[in-house]
Amino acid sequence: MPPIFQRLQQATKMSRRKILLLVLGCSTLSLLIHQGAQLSWYPKLFPLSCPPLQDSPPRPKHMTVAFLKTHKTAGTTVQNILFRFAERHNLTVALPHPSCEHQFCYPRNFSAHFVHPATRPPHVLASHLRFDRAELQRLMPPGTVYVTILREPAAMFESLFSYYNQYCPAFRRVPNASLEAFLRAPEAYYRAGEHFAMFAHNTLAYDLGGDNERSPRDDDAYLAGLIRQVEEVFSLVMIAEYFDESLVLLRRLLAWDLDDVLYARLNARAASSRLAAIPAALAQAARAWNALDAGLYDHFNATFWRRVASAGRACVEREARELREARERLLRRCFGDEPVLRPAAQIRTKQLQPWQPSRKVDIMGYDLPSGRAGPATEACLKLAMPEVQYSSYLLRKQKRRGGMRLRPEPVLDNPPPRPIRALRPGH
């Protein structure tokens, strides 16, 4: 073959190779863009920092989870994580019967009868309830992972006092709504057995199914027994003060991806509605009054850090940092370059307006930038959707999936006292 034809043939082969590489490059770029549209904010090409819990093949994601949502512990944010995971994987979420509103007839002991029939049998449970082991195990499938979350009792009590000040009689009796006055002489205002009294004394113990009137000062054995009962059921007790580290342990426990535990902070009070810092003497008094809660928290805070040490503290902290960075990217994409929590009155999107417990407390939320639409916007909406709206949405969706007509619900036999109903924003 003449040299000119050989050079022409080589040039043709090189052109074909370039075209093939160009096609492959475009395909890869298209795939990455598609992943971005699905709100994937973690670089999948890099392994997570922490090694597996043990030398074993990769596990499938765990799909059955019961989360005991305790009060004023960042539980609404955890609930939102679980709701979104359930939606993405077409799982059934246990939701309260309308007679119970958006909680499982709290403060009554939980009963499987409180669950709406359109949401049974469930994969996920995450709404407020008072723990009852037998009833939950009757409802949830075998193999369900049970988790809960605790918060430092002094900070939690300040939040309870602020949030439920208009509903709890013990708090309403206090002159000038003074937390300091209440903690100076709690017995002067507190009445055991009164409606919503559990918000004023050892609320964590009550939520966990314990007797909130017991005191470890009088009966050490009771606290030890309650701790043992919690440890027998719950695979993980998260700690609100170390929320990101808790989510790292949660995703490892459930074999989830980091994307599965990204979040927006929900149900947060405005700075004007909370103490910037609790004085040491006040914190000590709060822990003394809520001694059962303090004992629970101190024990499970210690076991939490043992779990972190077992997983490798450095890698857990590194993964928590990666989680925070991915979360910031997600919030900027969803809510703007400088996402800020804002008062309900400033939120235009009705589905994102958080309910207000009273005129004295401002609960903040997010808003979507105007002019956006599509799957990514829908995902951002769910990320910041308050508990009441998301619960109602999921109930309607699961009714349609089950072929149930959207009609008024019958009232439960022996309905409970009406739970706290928050005022709509602006009311």
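Even glycines carry a Cβ here, placed using N, Cα and C.
Lifted from Swiss-Prot, the feature list:
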TOPO_DOM  1-19  topological domain 'Cytoplasmic'
TRANSMEM  20-40  transmembrane segment
TOPO_DOM  41-427  topological domain 'Lumenal'
CARBOHYD  ASN90  N-linked glycosylation site
CARBOHYD  ASN109  N-linked glycosylation site
CARBOHYD  ASN176  N-linked glycosylation site
CARBOHYD  ASN301  N-linked glycosylation site
REGION    404-427  region 'Disordered'
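The Cα atom of ASN109 (N-linked glycosylation site) lies nearest to that of ASN301, taking the glycosylation sites ASN90, ASN176, ASN301 as the candidates. If you measure from the Cα atom of ASN90 (N-linked glycosylation site) to that of ASN301 (N-linked glycosylation site), you get 34 Å. In this structure the C-alpha atoms belonging to ASN176 (N-linked glycosylation site) and ASN301 (N-linked glycosylation site) are separated by 34 Å. Annotation for ASN301 (N-linked glycosylation site): spatial neighbours LEU150, ILE239, criterion Cβ-Cβ under 8 Å with sequence separation of six or more. In the structure shown, the C-beta of ASN109 has more C-beta neighbours within 10 angstroms than that of any other entry among the glycosylation sites ASN90, ASN109, ASN176. When secondary structure is read from DSSP and collapsed to three states, ASN176 (N-linked glycosylation site) falls in the helix class. ASN109 (N-linked glycosylation site) carries a strand DSSP state (E or B). Mapped onto three states, the DSSP output places ASN301 (N-linked glycosylation site) in helix.
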